[in-house]
Amino acid sequence: MSGKAIFVVIIAIVLLLLIGSLIGFYFYERRRRQNAPVSPVSPVTPVQPGPPVSPTTCPAYYTIDSSDISGFNMSTINNLATQDDCSQECSKNPNCSWYNYDPNNKVCYLKKTVATPNTTTTFRIRNTGNYDKCTQWAPSINGDIPGFDIKDINNNTEDECKQECIQYDCDWYNYNSDSKACYIKKTQKQNGIVTSFRTGSNS
């Protein structure tokens, strides 16, 4: 065999060895990947809740238009330009439970309940919209507003009195804890006058 033929044979053998090595490496890697453990899935980080939304500011007063609770005046203030001015005057006096305001004559009537032991006057606060989380009842302890009754109920709990108040579309009720007497109340209709109950909120 000539030297050239021997060289060709050697080259062919080398190529076969390289091809064989590549094929062997391919199958080795394939088998290794098939047997490799599956990496665990990283846990999903839960979304952290944001800070709680601050509640809507509750109103300090609840107003009923075209209504009056006559009498019970503790102070009459003239020349108050706006209802807000009247609200501020009521807020200055801890005994002021509600007020009537006459916007035409700019007169503010600050009101207080009649001191009566074991009797609570509770104003109904009809909140709507953004104020649905605010208080719906504003009690005035040991105080009464005689008159304005639309229904009287005996031998009831105060919770039952409250439900009767809602049923009869009341504006407030008086409840005597000794006699268990419940008096459902409503303002008088009076055009041009507003009645505004103090809710107990500080806004």
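Glycine residues also receive a Cβ, built from the backbone N, Cα and C atoms like all the rest.
Residues or ranges marked as disulfide bond in Swiss-Prot: Cys86-Cys108 (among others). In sequence order, Ile77, Leu80, Tyr99, Tyr101, Cys108, Leu110, Ser196 are the residues near Cys86 (disulfide bond), counting only same-chain partners six or more apart with C-beta under 8 A.
Positions annotated as disulfide bond by Swiss-Prot, on the basis of sequence analysis: Cys90-Cys96 (among others). Within its own chain, Cys96 (disulfide bond) has Met74, Glu89, Cys90, Leu110, Lys111, Lys112, Arg198 as residues 6 or more apart in sequence whose C-beta sits under 8 angstroms from its own. Under the DSSP three-state reduction, Cys96 (disulfide bond) is assigned to coil, being neither helix nor strand.
Residues or ranges marked as disulfide bond by Swiss-Prot on the basis of sequence analysis: Cys161-Cys182 (among others). In three-state terms derived from DSSP, Cys182 (disulfide bond) belongs to an extended strand segment.
Positions annotated as domain 'PAN 1' by Swiss-Prot: 58-128.
Note on the domain 'PAN 2' (134-203): mean pLDDT across this stretch is 94. Residues or ranges marked as domain 'PAN 2' by Swiss-Prot: 134-203.
Secondary structure from DSSP puts Asn73 (N-linked glycosylation site) in a beta strand. Sequence-distant neighbours of Asn73 (N-linked glycosylation site): residues of the same chain at least 6 apart with a C-beta under 8 Å from its C-beta are Tyr109, Leu110, Lys111. Look at Swiss-Prot and you will find Asn73 (among others) tagged as N-linked glycosylation site.
Packing around Asn95 (N-linked glycosylation site) is summarised by its Cβ count: 14 other Cβ atoms lie within 10 angstroms of its Cβ, all protein chains included. Look at Swiss-Prot and you will find Asn95 (among others) tagged as N-linked glycosylation site.
Positions annotated as N-linked glycosylation site by Swiss-Prot, on the basis of sequence analysis: Asn118 (among others). Of all Cβ atoms in the protein chains displayed, 12 besides its own lie within 10 Å of the Cβ of Asn118 (N-linked glycosylation site).
The annotation N-linked glycosylation site is assigned in Swiss-Prot to Asn155 (among others) on the grounds of sequence analysis. Under a cutoff of 8 A between CB atoms, and with a sequence separation of 6+ in the same chain, the neighbours of Asn155 (N-linked glycosylation site) are Lys180.
Look at Swiss-Prot and you will find 1-24 tagged as signal peptide, backed by sequence analysis.
Per-class residue totals from DSSP over the domain 'PAN 2' (134-203), listed helix then strand then coil: 10 helix, 30 strand, 30 coil.
Of the candidate recorded positions, Asn95, Cys161, Cys182, the one lying closest to Asn118 (N-linked glycosylation site) when CA atoms are compared is Cys182. Annotation for Cys182 (disulfide bond): spatial neighbours Asp152, Ile153, Asn154, Asn156, Glu158, Glu160, Cys161, Glu164, Tyr173, Asn174, Tyr175, criterion Cβ-Cβ under 8 Å with sequence separation of six or more. Once Cβ contacts within 10 Å are tallied over all protein chains shown, the disulfide-bonded residues Cys90, Cys161 are led by Cys90.
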